[in-house]
Amino acid sequence: GASFSLHVLSKINSYKSQSTKPIRGVASMAKKSVGDLTSADLKGKKVFVRADLNVPLDDSQNITDDTRIRAAIPTIKHLINNGAKVILSSHLGRPKGVTPKFSLAPLVPRLSELLGLQVVKADDCIGPDVEKLVAELPEGGVLLLENVRFYKEEEKNDPEFAKKLASLADLYVNDAFGTAHRAHASTEGVTKFLKPSVAGFLLQKELDYLVGAVSNPKRPFAAIVGGSKVSSKIGVIESLLEKCDILLLGGGMIFTFYKAQGMSVGSSLVEEDKLDLATSLLAKAKEKGVSLLLPTDVVIADKFAADADSKIVPASGIPDGWMGLDIGPDSIKTFSEALDTTQTVIWNGPMGVFEFEKFAAGTEAIAKKLEEISKKGATTIIGGGDSVAAVEKVGVAEAMSHISTGGGASLELLEGKQLPGVLALNEADPVPV
């Protein structure tokens, strides 16, 4: 309503006087990047690149979505264009020991096609045969090592195993954001033996947006948090409450907040053990002067199914036996108006059960609104998980400033945690003042 708009406008005016710094200005997170390395640093050097090539494969070993492979290409291209010898490492799936269906062999044709050269494939990731292939690599060549998780030592971050991996190369590039929150041999252990250890372009972009833009946003800064459970998003909400001006909540978690406020929620999803927490988060938002918006109306259903009967009711009027599965049209309008005032938005988690067409309107409306404000110059960040699927489904992914490729890694960064795979990298050179 009007009071909300006035509240936001008064905040906006108070920010106009503040200076804006460039995104990379977050000193604590500035890492040396592969872009800082020139041909003088790279020509003839063996570079161990840990990428995240964990792509989905069908039963015939065909790649069903090559997004992660495409995302790894800029870093590899920069290295080969500067005469490096690239030793590429990744995991795929969660193999228990050597498991042929988790081999990286099916990735070779697509990698070769995207790089415009024949990628050589090793049948192992350490040992004499691999060492021989490394010795034969020409400048600008690429060797793909076998799935690093075929060794249980990888996830144990075994120092002997890390040393064997590191012995293949002269320097290290981590471009695997999706596993940066894990201290494994190929993400953290190898950095103890290889200097410099630097961030790849993909990892760098994730840090620039999820840490840089969130720590030092163009304001007003809004966070949209959805998803079915408060429990999985507590850390994110608590961390973002410290930084954002507007917090919009949607998805199944809202019913825990409603119940905490004494409203009846019918048979909607509620986490009974999180009611006190919901109350304290509402109080914290008030104390911090954050405009926390909960949906004022919801789309309810008589069962959890695509063909359920549905109707729109005020949030305070959910009858027994009905469950809320999406935010309603009034909420979409209020949320959209709030987003129109913003300069930076981060979105993590859908507004409703968008897999069912009947309950997808809220999520789709948010995606379209983000496309609209993005085109007007706002910074829009999709913080991993189901929100990524949502913007892709609506066809607005191209318009977003940044779409995070991480699941757990994105959440941990948004929770304000340090990631082991990032901490292990060399600091950026001090910028001359």
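In case you wondered, yes, glycine gets a Cβ from its N, Cα and C as well.
What Swiss-Prot annotates here:
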type    : residues                                                                       : note
TRANSIT : 1-28                                                                           : transit peptide
BINDING : ALA51, ASP52, ASN54, ARG68, SER90, HIS91, GLY93, ARG94, ARG149, HIS181, ARG182 : (2R)-3-phosphoglycerate binding site
BINDING : GLY227, GLY251, PHE354                                                         : ADP binding site
BINDING : GLY227, GLY251, GLY349, PHE354                                                 : CDP binding site
BINDING : LYS229, LYS233, GLY252, GLY324, GLU355                                         : AMP binding site
BINDING : LYS233, GLY252, GLY324, GLU355, ASP386, SER387                                 : ATP binding site
BINDING : ASP386                                                                         : Mg(2+) binding site
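Feature map: Swiss-Prot annotations on the structure.
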residue : record                               : DSSP (3 states)
ASN54   : (2R)-3-phosphoglycerate binding site : coil
SER90   : (2R)-3-phosphoglycerate binding site : coil
ARG182  : (2R)-3-phosphoglycerate binding site : coil
GLY227  : ADP binding site                     : coil
GLY252  : AMP binding site                     : coil
GLY349  : CDP binding site                     : coil
PHE354  : ADP binding site                     : coil
ASP386  : ATP binding site                     : helix
Notebook entry, point to check: So which binding-site residues out of ASN54, GLY227, GLY251, GLY349 end up within 10 angstroms of SER387 (ATP binding site), measuring C-alpha to C-alpha?
Noted result: GLY227, GLY349
Note to self: So if I measure Cβ to Cβ from GLY93 ((2R)-3-phosphoglycerate binding site) and keep only same-chain residues at least 6 apart in sequence, which ones fall under 8 Å?
What the structure shows: ASN54, THR99, LYS101, PHE102, ASN147, ARG149
Notebook entry, point to check: Taking the centroid of the Cβ atoms of GLY227, GLY251, GLY349, PHE354 as the CDP site, which other residues of that chain lie with their Cβ within 8 Å of it, listed in sequence order?
Noted result: GLY226, SER228, GLY250, GLY252, MET253, PRO350, MET351, GLY352, THR363, ASP386, SER387
Checklist line | binding-site residues compared (GLU355, ASP386) - the one with the fewest other Cβ atoms within 10 Å | finding: GLU355
Item checked: Pairwise Cα distance maximum in Å, ATP-binding residues per record: LYS233, GLY252, GLY324, GLU355, ASP386, SER387 -> 20
Next item on the list: Sort out for me which one of ARG149, ARG182, LYS229, LYS233 has the most neighbouring CB atoms within 10 A, since those are the binding-site residues we care about.
Entry: ARG149
Item checked: Pairwise Cα distance maximum in Å, ADP-binding residues per record: GLY227, GLY251, PHE354 -> 11
Check: Of ALA51, SER90, ARG182, GLY251, PHE354, which binding-site residues are close to LYS229 (AMP binding site), meaning a Cα within 10 Å of its Cα?
Finding: GLY251
Next item on the list: Rounded to whole angstrom, what's the largest C-alpha distance between any two of ALA51, ASP52, ASN54, ARG68, SER90, HIS91, GLY93, ARG94, ARG149, HIS181, ARG182, listed as binding (2R)-3-phosphoglycerate?
Entry: 18
Notebook entry, point to check: Taking Cα atoms as reference points, which of the binding-site residues LYS233, GLY251, GLY252, GLU355 is nearest to SER90 ((2R)-3-phosphoglycerate binding site)?
Noted result: LYS233
Next item on the list: List which of the binding-site residues ARG182, GLY227, GLY349, PHE354 have their Cα within 10 Å of the Cα of LYS233 (AMP binding site), in sequence order.
Entry: GLY227, GLY349
Check: Should any of the binding-site residues ALA51, ARG182, GLY227, GLY252, GLY324, GLY349 have a Cα within 10 Å of the Cα of ASP386 (ATP binding site), which are they?
Finding: GLY227, GLY349
Item checked: Pairwise CA distance, GLY324 (AMP binding site) versus ARG182 ((2R)-3-phosphoglycerate binding site), rounded so that it is a whole Å -> 36
